[in-house]
Ligand SMILES: CC[C@H](O)CC(=O)C(=O)O
Ligand SMILES: [Mn+2]
């Protein structure tokens, strides 16, 4: 049977981390329109930390995300809009509002061991008639059996798809393979994969996931995502075409969106530098990058030391306040030793 891979473009959500949540209505409308013309099936738009993410803890958005979602909805006639929601940050009310605006897919994200908190949100999204995804973040932190157990919970709540999310870009190809294989064996729903390129493994890991049966794949155009970014969408489409795998996306048009539009809004090109590399090496949430850089500057310490310590303490999403605590502790040690 011919393989078909369904892509979700996440630059307008995951990429929000990389630009400090500064998207404007104009930028979102222009990019969404161009992605729609390139026939990208799903486009995700929200604050980087999902609906309701705009806050002191996660960083304030320049523009109300509902305005961004509205702008995207108004320019698409092919692509479907998706939102991310982390229970505890986003609310059922946010979900209802997004659905009313015209969002067709809800991706409910939890830490890999906390799927049980997604029940109410998955069920509500289903009742609203939305396609529903369970998004298991920081998947490298749980053994395969735990991941399967948690994915089964999301399936039992009604999720149409469960994603393995390599939030830290820390998974190795063999670890991706064993995770996808186990989920394929144990679940009846679609399996998805979301990568980060901190160890330069996003493409390799994505191909490994596809080979093991994942059919829902995330990419960010121009690599515009947290940390070193995600699997670069336009590159992935070219590779998949070479492999004879269909996505329905127009490669030339996507290249043009990357080159002519998205490159212009990047603060700096998405590269693997010492900070993003340390995220993957230490197994730290990619969205912590800018917070750690700011804390390093404020306390006069090396951002890599902060990230390594966060990795050692197994800090997870929602514990962003720990970044400042760790930086302060490291600076105190420095003064004491010095
Ligand atoms: C904070 C939400 C996070 O950015 C979701 C995601 O894309 C990931 O865990 O990689
Ligand atoms: Mn991500």
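Including glycine, each Cβ sits where the backbone N, Cα and C put it.
Taken straight from TrEMBL:
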type: BINDING; residues: 13, 14, 167, 194, 285; note: substrate binding site
type: BINDING; residues: 14, 194, 196; note: Mn(2+) binding site
type: DOMAIN; residues: 5-255; note: domain 'Pyruvate carboxyltransferase'
type: SITE; residues: 13; note: site 'Transition state stabilizer'
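Mapped onto this structure are the features recorded in TrEMBL.
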residue	record	DSSP (3 states)
13	substrate binding site	coil
167	substrate binding site	coil
194	substrate binding site	strand
285	substrate binding site	coil
How big is the Cα-to-Cα gap, in Å, between residue 14 (substrate binding site) and residue 196 (Mn(2+) binding site)? 10
Restricting attention to the domain 'Pyruvate carboxyltransferase' (5-255), give the mean pLDDT. 98
Determine which residues of this chain, when 13, 14, 167, 194, 285 are set aside, have a Cβ within 8 Å of the centroid of the substrate site's Cβ atoms, and list them as they appear in the sequence. 10, 17, 48, 137, 165, 196, 225, 226, 230, 286, 287
Count of other CB atoms lying within 10 Å of the CB belonging to residue 194 (substrate binding site): 32
Sorted by position, what residues of the same chain at least six away from residue 196 (Mn(2+) binding site) have a C-beta under 8 A from it? 166, 167, 168, 169, 202, 225, 226, 227, 228, 229, 230, 279, 280, 286
Could you name the residues, excluding 14, 194, 196, of the same chain that surround the Mn(2+) site, i.e. Cβ within 8 Å of the Cβ centre of those residues, in sequence order? 10, 165, 166, 167, 169, 195, 218, 220, 225, 226, 229, 230, 286
